[in-house]
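J.: The compositional bias 'Polar residues' annotation in Swiss-Prot covers 14-27. Marked as compositional bias 'Acidic residues' by Swiss-Prot: 151-160. Positions annotated as compositional bias 'Basic and acidic residues' by Swiss-Prot: 205-218, 237-290. Taken from Swiss-Prot, the feature phosphoserine covers Ser151, and the record attributes it to similarity to another entry. As annotated by Swiss-Prot, region 'Disordered' applies to 1-34, 132-167, 186-298. What Swiss-Prot records for 64-93 is repeat 'ANK 1'. Sequence annotations record features per position, and here Swiss-Prot assigns repeat 'ANK 2' to 97-134.
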Amino acid sequence: MSNPSPQAPEEEASTSVCRPQSCSMASASRRHRRERRFRRYLSAGRLVRAQALLQRHPGLDVDAGQPPPLHRACARHDAPALCLLLRLGADPAHQDRHGDTALHAAARQGPDAYTDFFLPLLSRCPSAMGIKNKDGETPGQILGWGPPWDSAEEEEDEEVSKEREWRQKLQGELEDEWQEVIGRFEDDASRDTQEPESFSAWSERLAREHAQKQRQQLEAEGSCRPPRAEGSSHSWRQHEEEQRLFRERARAKEKELCESRARRAQEAQRDKGPEPPRAGPRAEHPRGAERGSLWRFGDVPWPCPGGGDPEAMAAALVARGPPLEEQGALKRYLRVQQVRWHPDRFLQRFRSQIETWELGRVMGAVTALSQALNRHAEALK
């Protein structure tokens, strides 16, 4: 007759080994069920219950699921769910099985989803603009913006390569200077510091430096090739006239902006009525004047006064450039305009100067103008 008592320790050891594994599996299963319940609440629009569930169980992953919750909210045009997910810590750079981020999903919804979905995601995670999916596309390429000019790779002759290197160096210095000036105005207490450089001053300085470089190149070419001196002088006179018209229009726009700001400040003061002066330095800066300093759609210095049709604005820019017979000069001129009106560059430089409720309309017009300029540049190849 066998004695079963020696097998008891082995059975107890086996049970003690299996028990932690079964507990961890049960815990993971409960977590997955709660995450599925969280996604069902979001799909049904029960946002209060979804938030309460996450507060009771803070260890849940709000990005779990395929597609992730942020992608689903963009596909369903569910703006409240998107805002709740961003507030709960969802990651806009999280990728699904196709490599798409939430910005890819928002860009595929078209222009209607730009303000309510694309801009909030871009503000939360600007670095996601550089993430490519498995097809090699970025969110900007899905919107039709195309890659920035300084990332394009194409074969060029020596003269065009030197021109591009100079422009990139100048752009980098301008961006650094612009960011340094804007950083002084992030705090409300530093209002008495120097004002940032206006768009007209920036464009005037850029045109002046570019004209100086063109003058030096023309002088060097004239000394080497005397028979073409007459044609070069004619092209230079035309370029000088274009730069003068551009500076006059920029100064007129700046004057119009100042008059508009002063008029809005006077109207706000007249509607408010006389008030006793308040002590302190902040009494000199009423809120009306602060709001009046932001651009509306008509305040942006468009190629045509007040904006208008993007094709017409692109045609106006091309008409101001060199004649079609001078293919090289016209291509260089169009590249400068492509850089100036590229949506990424425009948004990076002037977002803080535009009214928030006008930002979607302005960026839509800038995107359309950039695409029209790209088509003109492609037609010259």
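Glycine too: its Cβ is placed from the backbone N, Cα and C atoms.
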J.: Average the per-residue pLDDT over the repeat 'ANK 2' (97-134) and send me the rounded value.
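T.: Its mean pLDDT is 84.
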J.: At a C-beta cut-off of under 8 Å, are there same-chain residues at least 6 beyond the repeat 'ANK 1' (64-93) that contact it? List them, or none.
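T.: Hits for the repeat 'ANK 1' (64-93): 32, 35-36, 38-39, 42-43, 45, 47, 50-51, 54, 100-103, 105-106, 109, 112-113, 116-117, 120-121, 124-125, 127-128, 131.
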J.: Give the residue counts of the repeat 'ANK 2' (97-134) per reduced DSSP state, in the order helix, strand, coil.
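T.: Across the repeat 'ANK 2' (97-134), DSSP assigns the residues as follows: 25 helix, 0 strand, 13 coil.
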J.: With DSSP, how much of the compositional bias 'Basic and acidic residues' (205-218) is helix, how much strand and how much coil, in residues?
T.: 14 helix, 0 strand, 0 coil
J.: When DSSP states are grouped into helix, strand and coil, how many residues of the repeat 'ANK 1' (64-93) land in each?
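T.: Going through the repeat 'ANK 1' (64-93) residue by residue, I get 16 helix, 0 strand, 14 coil.
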